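Input: a single structure, listed below in C-alpha cells.
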Amino acid sequence: MANWADHAMRVVAAAYLALLLALAVAYHGLWFDEVAGDALFAIYGLVVVSYIVSRFVLSIPYRPPRDVGHEPHVAIVMPAFNEEAVVARSLRSLLALDYPVDKLELVAIDDGSTDETLARMREVAAESPRVRVIELGRNQGKRAAMAAGMRATDAEILAFVDSDSSLDPDALHKLVQGFAEPGVGAVCGHADVANVDDSWLTRMQVVRYFVAFQVVKASESIFACVTCCSGCFAAYRRDAILPHLDWWEHQTFLRSPATFGDDRALTNVVLRDWKVRYAANAVSHTVVPHTMRQFLRQQLRWKRSWTRESLILARFVWRKYPVAALSAYVGIAIALVAPIVAVRAIVWLPLVEGRGAPLVYLAGIYMLAVAYGLYYVACRRRYDPRWVYGIAFCFFYLCFMLWQTYWAILTARSTSWGTRPATAGQPALEVGS
C-alpha cells in the first residue's frame, strides 16, 4: 500500500509541476502588465521564465553514464587539515568501496596539521598498503595539497573526496563509467545532504542541493558541459589536468592568490578542451552549514569564486554546443541583473513610481519554489515532507543571499576563507554549485 501511495504522490507532484510550468507562461503576461512601457524588464521576465523552464525540460532526457564495466586505475586524493576526528574513518570507508583492490589507491595529504591528523593517517596506512600518506610540513592551502597528491600517483583517473564526505559503496564504480566515453575529461558525482535534521537551515538545503544537481547539472550534462564539478565527489582524467596543474595550483585573480573555488577552477581547466559529465547515481553525502553565520560565509566564498571563474568560462564556452553556451551566458546575466530587478519590483515601482504590486513578483518566486519542491517529490522514491522547506529556501534566498552578488564582485580579490563549520564533530566542506 505504501508503494502505491508513494507512486501516486509522485504522479500528482509531476502533474502539479506541469501545471506550474504552464502557469509560469501565463504569469509572464501579468509581468508584462506590471512593467508596461519598460521593454528591458519585460524582456528580463521572458528570459528568466524561458531559462528556468528550459532547465527542467533539458533535464528530462538525462541519464547517468551506462555501466559498461569500465574499471580504470583510480587514485582518490584526500587533503586534510586539522581533521583528526574524521580522517581515519573517512579513509577506512574509502578502502571499503566496491572497487577492485588492485585498481584503487588512496593518497592522503596532511596540509601541515597541528593536531593528530597525520598520526591518524599513518595508522590507516599501516593497515593497508593502498594508502599513501604525504606530509607537507607546513600549511600550504588546499590547492597545494591537492596538487601534491596528483603528482604522487600515476593513476589514469584522479578522484577527489573531501575528508568529511562519505560515499555509497558503489559510488566510485558508477562515477568512472563516464570515462568510458572518449573525450570525457571529468565526471561530477551527486551530493546529498548528510546532516538533514540538524536545523531548519539544513532542511532547506536538501531541496536546493537536489535541484542544483538533478536539474542544473543534469541539463548541462546533456551537452557534456557541466560548469562545476562539486568538491564533494568528482573525478578527472589525468591527461586532462596534468598539463595545466602548475597554472591551477598558483592561479591568481587581480594579482591575488585564488585561495578557494578550486573545484570550479579545475572544472574550467578541463572544460576548455574536454567533455564534462554528471553521474547522478554516484552518490556522496556531505555535511552542510547549520547556522546562518556559517552558511552566509560559505555562500559569499562561492559567489566570489563564481565571479572569477565566470569571467574565465565566458572566454571559451562559446566554442561548446550553442545551447550550452547560450545557457551559460544567460545564467551569468540573470545572476548579475536579478538584484536590480528585485529592488525595482519590491521597492521602486510601488513606493517611488506608485505603480505595480510586489505580489506579482513574489508570486513568481512562489511558483518557482513550488516547482522545485514538487520536482524533488516527483523524483524521490518515497514521499519526503521536507520538500516544503524548499519553498522557504527560495524566499530565504531572496531576503539574504541575492544581495551578496555585488558584494562578492567588489571583494572578489579577498583571500579570506572564513570558518569551516562543524556539525556533530565533523568539519563541513565546500561543495561548489
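Any Cβ shown, glycine's included, is placed from N, Cα and C.
Curation plays no part in TrEMBL annotations; they are all automatic predictions.
Here's what TrEMBL has on this protein:
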type: DOMAIN; residues: 76-241; note: domain 'Glycosyltransferase 2-like'
type: TRANSMEM; residues: 36-58; note: transmembrane segment
type: TRANSMEM; residues: 323-347; note: transmembrane segment
type: TRANSMEM; residues: 359-378; note: transmembrane segment
type: TRANSMEM; residues: 387-409; note: transmembrane segment
Remote residues contacting the transmembrane segment (387-409) - C-beta distance under 8 A, at least 6 residues beyond either end:
200, 203-208, 211, 292, 296, 299-300, 303-304, 306-307, 335-336, 338-339, 342, 365-366, 368-370, 372-374, 376-377
Do any residues of this chain, six or more beyond the ends of the transmembrane segment (323-347), have a C-beta under 8 angstroms from a C-beta of it, and if so which?
34, 41, 44, 47-48, 51, 54, 58, 219-220, 223, 225, 227, 306, 310, 313-314, 317, 356, 358, 360-362, 398, 402-403, 405-406
Limited to the domain 'Glycosyltransferase 2-like' (76-241), I'd like the whole-number average of pLDDT.
94
